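The structure appears right after this line, and notes come after that.
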Amino acid sequence: MTSQTCQLICPGLTKYSVAWEWQRSLVQQRHNCPELADVLILLEHPQVYTLGQGAKLDFLKFDPTQNKYELHRVERGGEVTYHCPGQLVGYPILNLKHYQQDLHWYLRQLEEVLIKVLDIFGLKGERYPGLTGVWLEGRKVGAIGIKVSRWITMHGFALNVSPNLEGFQRIVPCGISDKSVGSLAQFIPSITTDEVLPLVANAFAKVFGVKLVKSTNAILF
């Protein structure tokens, strides 16, 4: 695997619509100029629900026409998910031509990043055959949904560090009704996203074989 430079951007709590526009802009830039460096954005979102491109409204437990909760339908695969403070979200903008042009491989790599982070805390992250994500003692703590166009990735993963899980009760998360959602805080009550963020960054660098270079938000504009 070729060692790549990857710019790390950590903008903190960011509106979903703003981060979504950042991703689309970064992807377009790399379509125009494939030599640009890869990017990893690590952040948190205020409360928001997102639907994958082909997601079913049946998995919502609220009326989307009432505008009670912020809701976006986006380009990623998968069903409905929920973002909120306390959940660490990662958006890798990678050119898979520099890695492997294999979506299955990419999804497993993202899972491996989260599994390695859990292992640091002595927690055993698990995969389930036929499903995408990471579970901890039967509770889903890591969700993954991606979009890849011309081998440039966007969207990514969400790790439940210490979120208020109440928001997940308004949906069938990822369309999986027989498995519950959990968080790292259920096992390590004092854990914070500030503590976990650098661990996710380091695990990402190891799994993908990249050199992370912390960048300012300026490259997003």
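Any Cβ shown, glycine's included, is placed from N, Cα and C.
Some features that Swiss-Prot has for this protein:
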- 34-212: domain 'BPL/LPL catalytic' (DOMAIN)
- Arg76, Gly77, Gly78, Glu79, Val80, Thr81, Tyr82, His83, Ala143, Ile144, Gly145, Gly156, Phe157, Ala158: substrate binding site (BINDING)
- Lys140: site 'Lowers pKa of active site Cys' (SITE)
- Cys174: active site, acyl-thioester intermediate (ACT_SITE)
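Note: the Cα of Tyr82 (substrate binding site) and the Cα of Lys140 (site 'Lowers pKa of active site Cys') are spaced 13 Å from each other. Cα-Cα distance from Lys140 (site 'Lowers pKa of active site Cys') to Val80 (substrate binding site): 14 Å (rounded to the nearest whole number). Note on Tyr82 (substrate binding site): other Cβ atoms within 10 Å of its Cβ, all shown chains, come to 25. In the three-state DSSP classification, Gly78 (substrate binding site) falls within coil. Within 10 Å of the C-beta of Gly145 (substrate binding site) there are 25 other C-beta atoms, taking all protein chains into account.
Mean model confidence for the domain 'BPL/LPL catalytic' (34-212) is a pLDDT of 94.
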